[in-house]
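Asks: As annotated by TrEMBL, Cu cation binding site applies to 61, 99, 102, 107. The domain 'Blue (type 1) copper' annotation in TrEMBL covers 27-113. Annotation comment: TrEMBL describes 1-21 as signal peptide.
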Ligand SMILES: [Cu+2]
């Protein structure tokens, strides 16, 4: 009986997405699985309302949205160098993230919020990026699910 009540209460309070929002950490690193100057992980799928926390594990990095690489109506992200920044949004879609100093070295991440349409994926593929950033972005886009 108590177990049933607990489950019922949990389900009830978890209905608004923000109540059950998760914290997801993306580290900004000089070295990682994908090579040098990386966001790790470089692709995440989150739900609307989740808190995506960019952690300055190594110095000299920031996190910001790539211009024109986020859903229409979304607020661009602009993190300062060496500072943690929390990104949270209710707008579903794809968000391209870069570290400005290391954009040319391919320091990018892809955040998927909720479900995306094939038109969103095509638009993401069409965004012009420096060659190394493009290479990693294409690999991240391939992981969209
Ligand atoms: Cu960087």
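Just so you know, glycine gets a Cβ as well, placed from its N, Cα and C.
Keep in mind it's a predicted model, so treat the numbers as computed, not measured.
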Asks: Have a look at the binding-site residues (99, 107) and report the one with the fewest Cβ neighbours inside 10 Å.
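Replies: So among 99, 107, the binding-site residues given, the one with the fewest Cβ atoms within 10 Å is 99.
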Asks: Identify all same-chain residues not among 61, 99, 102, 107 whose C-beta atom falls within 8 angstroms of the centroid of the Cu cation site's C-beta atoms; report them in sequence order.
Replies: 28, 37, 38, 39, 60, 62, 98, 100, 101, 103, 105
Asks: Please determine which of the binding-site residues listed here (61, 102) has the lowest count of neighbouring CB atoms within 10 Å.
Replies: 102
Asks: According to DSSP, folded down to helix, strand and coil, what is residue 102 (Cu cation binding site)?
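Replies: Coil, per DSSP.
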